[in-house]
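Visitor: So TrEMBL has the following annotated:
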type     : residues  : note
TRANSMEM : A:7-31    : transmembrane segment
DOMAIN   : A:63-276  : domain 'ABC transmembrane type-1'
TRANSMEM : A:67-89   : transmembrane segment
TRANSMEM : A:101-120 : transmembrane segment
TRANSMEM : A:152-171 : transmembrane segment
TRANSMEM : A:203-223 : transmembrane segment
TRANSMEM : A:255-280 : transmembrane segment
Amino acid sequence: MTSRQIYWYLAPALLFTVVFFVFPILFVMYVDLHEWNGLGAMKFVGLDNFRFLFDDPSFKTATVNTIYWILAGIFLHTPLGLLLALILFKKPRGWKAFRLLFFLPNVISTTALAFLWYFVLHVSLGLVNNGLKVAGLTSWTHAWLSDPGTAVFANMVPFVLYVGFTMVIFLTQMSTISPDMYEAADIDGATSWQKDRYITIPLVKSAIGINIIFNTAFCLRMFEYPLLMTNGGPADSSLNLSLYIYREMITANRYGVSMAAGLVTILLGAVAMLLVFGVLRIGERRGLR
Amino acid sequence: MKGFRWLVIVLFLLVTLVPFLWLILASFKTSSELFSAPFKLPEHWSWDNYRSVLESHPIPKYFFNSLILAVSSTILAVAIATLVSYAFMYKFKFKPGLLLLITFGIFIPTNAFLVPYYFIVNWIGLYDSLAGVALVYAGVSLPLSILIVKTYMESIQHEILEASFIDGASVHRTFFNVILPISYPGMTTASIFLMITAWNELLFANLLTQSEGTRTLQVAIRFFLSTFSANYPVAFAAMVIAVLPTILIYSLLSEKIIGGLTAGAVK
């Protein structure tokens, strides 16, 4: 059933892939070997840009912070989404409304949430610190966003808490589980935790995988929270790779360095994805039990 | 167990809703009220903050820019994804290699492509235009769209193709009359993913546009903090105006949006 006409259906996708993926990769691998300010001629400098990166403490912070982000995505955001889905799956009163409300932050944009949480965590007028004061916990108040020790984690708070999208993916897969399974478990006298543990969670394994992959990709690209909540500061302590790439290009005009950092990000992404896939495959073989 | 469940629900409701309510409340205050009593109700509810935002910023314009971008990039990407998914229902030379080529982009953090995308858009003369940003959005999200639509189409019985050919339909006719009408669920899921992603996007919109006429809502919100830094309540009012239409549209279509994800997110 082969037909020459089929190639017409392939052509647009091929064109876009070449323009937006194949060419950019080659371009990145070319520019990162050059010193370039984006305007004049490129000057070949070999691996100097990579040497620059490895001598730059800010780049090290950015890489470590990006890994923190990915870990938060896998070990905090995804389990919280699963927890909320398990609860709403039991259809408590009003669960439909809760589902809509928990999904809401996903449609009003990360930029808006970053703006909002900048103020929620603001040292003097913020909701968190003032709430602590009202609760009599004045000693717990903290300059969350301007202390180098907490800034990167303060940036993650809205991401970790707003799990609507992850939750909906879980709920979707849960809705395909046959009710017979639960009826059988009820006859055997299973508790609701046992039903979660031995029926629901094993049957949403593929949703766990999908969510971990989505969230890893999302964290690798994270830009809005570090930019708007702390602008990478104080003293670059909350910088991540996206912001580093952006800054080297836009502010420092070091296009070569920026793209060297871009290549490192791509490689880090490849390693992260291989690890995630590897672990998921081992989990699959062991049946997650 | 039941108590624990409700505790979790209430905690999540608090972190989801309280910040928004607080923002709305604060948008009616004066700057000094905000600093002296962050939790109190405003002394008199005044629309002054809202008035000064609407006088200084064309927020409806930003909103429409964002909407046009989200819709056009989604249509483009889903159309291309649907075409190529149809092609993959057939056997042809280099099929596995081509599939790998057009989907490997899913694993690429595209923030690494800041420099190439900037120059590509400049070279085709679309810098500072919505069309340029829409092309980049469509390009970036194409691999994911292909994966979603293709996965859906694979669930279609191949006998349907043969039946259509026996009826004398051509490759093109089969696509338009047979495959396209039954592929809507996959296309809808992909569209929802893409619309939300495009609507949320800040990095490339910020990189590829410059003038006020092409500014998206997210880029505008980014500037609220600096343009209103002297008067936070005005910034809050700007924020409320900026997200209100989104919340309205969502409250009308939320079941459709979530339902669309439900239709095809499980692969």
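In case you wondered, yes, glycine gets a Cβ from its N, Cα and C as well.
All annotation found in TrEMBL is predicted automatically rather than curated by experts.
In the displayed structure, how are the listed features positioned relative to their neighbours?
Guide: Away from its own ends, the transmembrane segment (A:7-31) comes close to residues 42, 255-256, 259, 262-263, 266 of its chain (Cβ-Cβ under 8 Å, at least six residues beyond either end).
Only residues 6 or more beyond the boundaries of the transmembrane segment (A:101-120), in the same chain, are considered here, and those with a CB under 8 A from a CB of the stretch are 84, 126-128, 145, 157-158, 162-165, 167-168, 224-225, 227-229.
Sequence-distant contacts of the transmembrane segment (A:255-280) (same chain, at least 6 residues past either end, Cβ-Cβ under 8 Å): 25, 27-29, 31-38, 42, 45, 49-50, 52-53, 59, 62-63, 66-67, 70, 74, 208-209, 212-213, 216-217, 220, 241-242, 244-246, 248-249.
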Visitor: At a C-beta cut-off of under 8 Å, are there same-chain residues at least 6 beyond the transmembrane segment (A:152-171) that contact it? List them, or none.
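Guide: Long-range Cβ neighbours of the transmembrane segment (A:152-171): 65, 68-69, 72-73, 76-78, 80-82, 84-86, 88-89, 99, 102-106, 113-114, 116-117, 121, 144-145, 204, 207-208, 210-211, 214-215, 219, 222, 225-226, 229-230, 237-238, 240.
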